[in-house]
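Undergrad: Take a look at this one; I'll ask things after.
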Amino acid sequence: MGRAFVHVILGGGVAAGYAALEFARRGGYSRGELCIISEETVAPYERPALSKGYLLPEGAARLPGFHTCVGANDELLTAKWYKENGIELVLGTKVITADVRMKTLLTATGETISYKNLIIATGARALKLEEFGISGSDASNICYLRNLDDADKLVNVMKSCPGGNAVVIGGGYIGMECAAALVTNRIKVTMVFPESHCMARLFTPKIAEYYENYYTSKGVTFVKGTVLTSFEKDSTGKVTSVILKDGKHLPADMVVVGIGIRASTGLFEGQLLMEQGGIKVNGQMLTSDGSVYAVGDVAAFPIKLFDGVIRRLEHVDSARRTARHAVAAILEPSKTKDIDYLPFFYSRVFTLSWQFYGNNTGEVVHFGDFTNSSPRFGAYWVDKSRIRGAFLEGGSREEYEAISNVVRRKAKVINIAELEKQGLMFAIQESQKDLPDGGLALGEKPTYVWHATAGVIAAASIAAFGYWYGRKRRRW
């Protein structure tokens, strides 16, 4: 048995939903010509909700409230929407082999699905402790967070140990956001990671110090520079303590693991070119095969801003944009230019929120107030007298736009000391100039009227401010 489609989207995450909406708006298919194949049993949804609003103790986000594409303040794509738009959802279905040459996919049920164009949106999977030689990591109170099933388990485990002790393994995105959620659920948290500070791939030590101090004020304990080696368990097999490399035992009613992800490339290894741990694509999101595209976490694509250097970006904003771009390239290849993406990352925890744009390479110039309870601080990364990256905590919409603009423009820096002195004003003034390449004018007086107010400023994508700034602010 088998079915044939013109367009197949393999994977049911964020990228799949945004690709589907782009197809529908461009009218690039007839009813029954487009399908999404997903191992999950629900239509594509906004994954950021899982580590934010989904974990709230009260008023938690639940489906259908966060199906794509509400993350961009756009349409809510429920199963009904896909049916009305002639898009077939093949849910709860695992593809076990892919034959790029024959343009076929074989499912676990034995069905063969053929395609003319394939968009690989398989995303990435969470790394598991057993991959690092840690046995016993299948205990019922050990949680990961990558999909809806993971989130449901995490919620249930949290409910089972009110006021208990949680050990969070990992100091990156998932570790930090889950730690905040655990605290909100009145669970005591200890974070363990091997690096010298949290968010080590992005944060400078100075930036990390602020967030670690803030978390500490909320009751979080940090254990840095060491790793988990084993567990102690009770007679039922539940973890009761975490044993570290230095021999320390940490009491644990639950464990949350966030030690990174790995792109889901397995079906296509040996068939498509790989780079940066993902599937290599060009500026049209096209792989080494002329009928196969890759988007989201699984895609390694050229960043124009970095002179065409290939990068694989693990963030929802990249998933949304690359998905839309691939559909445009499929339907209107002659009109679609190479993607020109500004790398963008954001997070929000407690009353804090930050955004980062560009590349964190070069000399770091910090600015702003790192001591205020309602902070507004940041950093520039400068290389060869040009702004290469920018970070801002607690900014307004206009201020986030300003730092993104100076990164995209690669604004010229004449004097590092003056850049540090002017701080955010440099970005604001540069953004107001007509010329794309203005230098830092020494002694220039700030002319910008500050719009930010104290309190919670939610993180937002420049392309999709509605995600946090829409008429009805969503709590995820």
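We number each residue from 1, going along the chain as drawn.
A Cβ is built for glycine as well, from the same backbone N, Cα and C atoms used for every other residue.
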Undergrad: Looking at the NAD(+) binding annotation from Swiss-Prot, with GLY171, GLY172, TYR173, ILE174, GLY175, MET176, GLU177, GLU195, ARG201, GLY260, GLU314, HIS315 already listed, which candidate in TYR115, TYR346, TYR357 is the matching residue?
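TA: Only hit among TYR115, TYR346, TYR357 in Swiss-Prot's NAD(+) site, alongside GLY171, GLY172, TYR173, ILE174, GLY175, MET176, GLU177, GLU195, ARG201, GLY260, GLU314, HIS315: TYR346.
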Undergrad: Which of GLU40, GLU58 shares the FAD site with GLY12, GLY13, VAL14, ALA15, ARG47, LYS52, ARG146, ASN147, ASP297, VAL316, TYR346 per Swiss-Prot?
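TA: Among GLU40, GLU58, only GLU40 appears alongside GLY12, GLY13, VAL14, ALA15, ARG47, LYS52, ARG146, ASN147, ASP297, VAL316, TYR346 as FAD-binding in Swiss-Prot.
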Undergrad: Around the C-beta of HIS315 (NADP(+) binding site), how many further C-beta atoms are within 10 angstroms, looking at every protein chain?
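TA: HIS315 (NADP(+) binding site) is surrounded by 19 other Cβ atoms within 10 Å.
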Undergrad: Could you tell me which three-state DSSP class ARG320 (L-ascorbate binding site) falls into?
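TA: ARG320 (L-ascorbate binding site) sits in a helix per DSSP.
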Undergrad: Comparing the binding-site residues LYS52, ARG201, ARG320, ARG348, which residue's C-beta has the most other C-beta atoms within 10 angstroms in this structure?
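TA: The residue with the most neighbouring Cβ atoms within 10 Å is ARG320.
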Undergrad: For a quick check of understanding: given the listed FAD-binding residues GLY12, GLY13, VAL14, ALA15, GLU40, ARG47, LYS52, ARG146, ASN147, ASP297, VAL316, TYR346, what is the maximum Cα-Cα distance in angstrom, as an integer?
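TA: Pairwise Cα check on GLY12, GLY13, VAL14, ALA15, GLU40, ARG47, LYS52, ARG146, ASN147, ASP297, VAL316, TYR346 gives a maximum of 26 Å.
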